[in-house]
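Undergrad: Residues or ranges marked as active site, proton acceptor in TrEMBL: His19. Feature annotation from TrEMBL assigns substrate binding site to Glu273.
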Amino acid sequence: MIMRIGFRVDAAKHIGTGHLQRCLTLANYLKAKGHQCIFYCRDYGQAFYNLVLNAGFQLEIIGQTTIGSLPKLEKDWLGVSIEKDSEDFIEKIKEKTIDICIVDHYALNVNWERIIRKHVSKLIVIDDLAREHECEILLDQNFFPYYKQRYDLTTPLTTIKLLGPEYCLLKKEFSLFRSLRNQEQINSNKILINFGGVGNFTLLQKVISVINRVDKYDYILITGMLEKEQFQYLESLVTDKSNIKIMQSSSNMAELMNSSSFAIGACGSTVWERFCLGLNAALVQVADNQRILLGYLAEEDLIDNLGDCNDLTEDRLFEFLSKLDFTSVSYRQRRIKIMELVDGLGVVRTCEKILELSNV
């Protein structure tokens, strides 16, 4: 039986691209199993949905929305009410029904789920925030204290809960490179820097100022999407530096991570990609919802914590890089721990559960 699977997910400057990227990872695996995947997205007038089209998936725009100043609260990300969003989505799926709805969106809550469940056979939710849900399957790939119990009081007993790093949705390239990666030490002097799919211009300026002064490493800096003038300005700051390579995005992130010895980045979904490949990292908080995870990973000695990106000073980063020795025993031990947490097969396990649920 070929299923039609609808993904309700958005990407924008104020939302980022992480939700869309992990849905694309899941969709690619389901597509390989013969199922049809459709993406239902709200248009914020930005170019992020080329990611969907370039991956060969059908894109359905459920509405046009203009966001003025960047919303601070996740509940305001939509730019419309829950009722309006569900109405727009239902209108689309009435035209061509879907067998399963997979939603990955911090602004869509249990009230949206209750409305949508009346119109789909199965609802699957991807979340990170330990919120209340009503769905058939709940996926939360995060590593927190008592993560297996995070949803005990907020979801029905009948909900299948896929919790923890063993369900991380990583592209297949990561498990492939993991099998090739030297388990002892990567003989490279390369540091990979990336803070997500949407560029943080202020943070990137700080970082470039520092790495221009710490010449003992080679750097690959992936800025994320910026205004054209912003990227050109950052590029001009490193034109005479042969040890710094700068780009807005990369289609071979797994390969870049595999060839690097250390990373500096955000505490978003790329955390699990780095862990899978045993890539030690120093992380910053670029969004409020990253604070708790960042603190816990540091407490467990799985990453170095550089704090909130708004509070990170050039002096602090310079001191860190100047003292960094990623060949140390502590980093080698940490590398073993993070690779044990994430094996790169989470998408396989997740898809198996989805297909079991649908008796496929």
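Each residue's number is its place along the chain shown, starting with 1.
Using N, Cα and C of the backbone, Cβ positions are placed for all residues, glycine too.
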Undergrad: How long is the line from the C-alpha of His19 (active site, proton acceptor) to the C-alpha of the residue listed as 'substrate binding site', rounded to the nearest angstrom?
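TA: Approximately 14 Å lies between the Cα of His19 (active site, proton acceptor) and that of the residue listed as 'substrate binding site'.
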Undergrad: Of these recorded positions, His19, Glu273, which scores lowest on Cβ atoms within 10 Å?
TA: His19
